[in-house]
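Features as listed in Swiss-Prot:
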ACT_SITE  67  active site, charge relay system
ACT_SITE  112  active site, charge relay system
ACT_SITE  206  active site, charge relay system
DISULFID  31-165  disulfide bond
DISULFID  100-258  disulfide bond
DISULFID  144-212  disulfide bond
DISULFID  176-191  disulfide bond
DISULFID  202-227  disulfide bond
DOMAIN    25-251  domain 'Peptidase S1'
CARBOHYD  105  N-linked glycosylation site
CARBOHYD  124  N-linked glycosylation site
CARBOHYD  172  N-linked glycosylation site
CARBOHYD  213  N-linked glycosylation site
CARBOHYD  255  N-linked glycosylation site
SIGNAL    1-18  signal peptide
C-alpha cells in the first residue's frame, strides 16, 4: 500500500494534489490474511473496474467514500488474493446508496462519505466480520493502519493481487493545511501520513478504513498526486463526526442530514 519514493521524486518541486479515485498503499507490506476481515473490495458491475475499498460495519451495510460510487456496485467480502479467493468469500451488490446530500455534492474536505446497503446480509466467517464504529474521536499522534488493493507505485498503475498494509501517524490538521492551501480553516476530515514521506494510500485505496489504535476513525479520501511525498499527508473523512448520520440511516431515518 505504502509507496517508497525514489530519489528523483524528492527533487520534484511541484506541489499538487488530486483526488484518489482508487488508491493503493505505498511503502507497506502484504496485510496479514487475518487482519482485514472487514475489508471490502468494490467493483463497477457494468465495466468490472475495481473502484476501491470499504469497511463492513454490520451484516447489511458498508461504509466507504462517496467518490467510489458507480451506478451499480459489486462488493466482495472475505477477499485476500484476487486470483485465489478464500473459500468463504461472499459477493453482494448494492441495493441502496446514501450520501450526505442527495446530489452527491461532496468536496475534497467535506462529505466524502457513502453508506451502501447490501441486497442481502453477509454471514460472519473465518475471513469476514464487521468493524466497530468509534465511540470516541482519535488523538493526534495515534498510530493508524491503512490498507487496500491500491497501486504500489505513483508513477504507474501496479495493482497488487493482495491488499497491502502500512502504519502512519495521525497528524495535526495544520499539517494538511500547510501542504494544501485550498483547505478551509475547519473540516470534518483527518490528516494522516508520514511527514518524512514513504508511506501513504494511493490510487486504488480510496474508501478504505483508517484504523487508529485499533479503532475505525477515517475513510481514505484524497491526497497528493505523488503518493507518499514529503510533507504531503493524506486526507480521511472523519467517521466519528458522522456517527449520528450513519446510525440514523441504518435505523431507517433516511431524511437525516450530515453535520455542517
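Think of each number as a place in line: the chain as shown, counted from 1.
Using the three backbone atoms N, Cα and C, a Cβ is placed for every residue, glycine included.
Shown here: features listed in Swiss-Prot, placed on the structure.
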| residue | record | Cβ contacts under 8 Å, 6 or more apart |
| --- | --- | --- |
| 31 | disulfide bond | 80, 147, 162, 163, 164, 165 |
| 112 | active site, charge relay system | 65, 66, 67, 106, 219, 221, 222, 237 |
| 124 | N-linked glycosylation site | 59, 130 |
| 144 | disulfide bond | 138, 167, 168, 169, 170, 192, 210, 211, 212, 213, 217, 218 |
| 172 | N-linked glycosylation site | 140, 191 |
| 176 | disulfide bond | 183, 189, 191, 233, 235 |
| 255 | N-linked glycosylation site | none |
Select the closest residue to residue 100 (disulfide bond) from the following recorded positions, measuring between CA atoms: 202, 206, 227. 206
Among 100, 165, 191, 227, the most crowded of the disulfide-bonded residues [Cβ within 10 Å]: 227
When the recorded positions 67, 258 are compared by other Cβ atoms within 10 Å, fewest goes to 258
Give me the CA-CA distance between residue 202 (disulfide bond) and residue 258 (disulfide bond), in Å, as a whole number. 27
If we count other C-beta atoms within 10 Å, could you say which of the recorded positions 206, 213 has the fewest? 213
Among all chains shown, work out which of the disulfide-bonded residues 202, 212 has the most CB atoms within 10 A of its CB. 202
Could you measure between residue 258 (disulfide bond) and residue 206 (active site, charge relay system) for me? Cα positions, answer in whole angstrom. 20
Grab the pLDDT values for the domain 'Peptidase S1' (25-251) and give me their mean, rounded. 95
